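Here the structure comes first, spelled out in structure tokens, and everything after it is commentary.
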Amino acid sequence: MVDQTHYDTHGESKPSAESPKTMGHEWDGIAEYNNPLPRWWVIVFMVCVVWAVGYAVLMPSFPAAKAYFAGMLGYSSRASLRDNLTETADTRAAWLEPMRSLDAPAIAANPDLLQVAMRGGEVIFKENCAACHGVGGVGARGYPALVDDEWLWGGTLPEVVATITHGVRNEDPQSHASLMPAFGRDGILQRPEIQTLADYVLALSEGKPGAEAGHALFEANCAVCHGANGEGTKENGAPALNNQIWLYGGTRNDVVAQITAPRHGVMPFWSGRLSEVDIKQVAIYVHSLGGGQ
């Protein structure tokens, strides 16, 4: 610290002419300088004050008991959003309107409408379907994959539209409904029989001939829904068992558990939640994921 004092003839110290001004108080030898603020800082501060006052006058700002000061410009972010949504809806209507009078196969046959439907369907799928079926329709345990050629309830466009519209095992009277008997829980088959049947189903999935005992059990209890060769039937929503696509797991324990006390998934119906045009778009998108039928 530079000492800025000098001494008179009597030895007393006096502040020099260059000593900075202080606020007049001191703590433990530390004084507070009374320096002016930088000019640039003062200018910026005043500009901000002027801008804030102008903004408060021109734009919505001060709240009141039941309303608020709307500002001299009358701007409203809600009104701006409403106008943007209306403009977007008008733009989309030019493309979506033709879809209202066409069924899904007719839309898919029109290259221009197909392109719009695919883009719209992908967005709708991500917002409503991906939570269960996975992004891109890869599926998950208990949720069917949509990227293969296995369709529980049919894979034509009209059938996909029907499944999305009415769902599976829900309160819609037209929803798909099927129940697999609980062969173990209800005492239809004994534990050794269930294990023999599971071994036969696993052999079917690998394209191998199963044991004769398993074949007899399958023919008596399973073939009516899953088909004589395990090919599945869309009328019952019974999955094919002659491939490696498993909804609830493909280990021996998984198959035994499903035969003993089967699980049944539920899919909501989307009629009333999505418009008919939206359902057609997402059906076309889903149909494209697995190649369709």
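Glycine too: its Cβ is placed from the backbone N, Cα and C atoms.
Keep in mind that this is a model prediction, so the values were computed, not measured.
Positions annotated as heme c 1 binding site by TrEMBL: C129, C132, H133, M267. Residues or ranges marked as domain 'Cytochrome c' in TrEMBL: 116-205, 209-290. The region 'Disordered' annotation in TrEMBL covers 1-22. Per TrEMBL, transmembrane segment is recorded for 40-58.
Where TrEMBL records a feature, it is marked here on the structure.
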| residue | record | contacts (Cβ under 8 Å, 6+ apart) |
| --- | --- | --- |
| C129 | heme c 1 binding site | G137, V282, V286 |
| C132 | heme c 1 binding site | A140, Y143, M267 |
| H133 | heme c 1 binding site | F125, G139, A140, Y143, P144, A145, L146 |
Message = Do any residues, 6 or more residues outside the transmembrane segment (40-58), come within under 8 Å Cβ-to-Cβ of it, and if so which ones?
response = 71-73, 75
Remark   = By a three-class reduction of DSSP, H133 (heme c 1 binding site) is assigned helix
Request  = Report the DSSP secondary-structure composition of the domain 'Cytochrome c' (209-290) as helix, strand and coil residue counts.
outcome  = 37 helix, 5 strand, 40 coil
Query = What span in Å does the heme c 1 site cover, taken as the longest CA to CA distance among C129, C132, H133, M267?
reply = 11
Helix, strand and coil residues within the domain 'Cytochrome c' (116-205) as assigned by DSSP = 45 helix, 4 strand, 41 coil
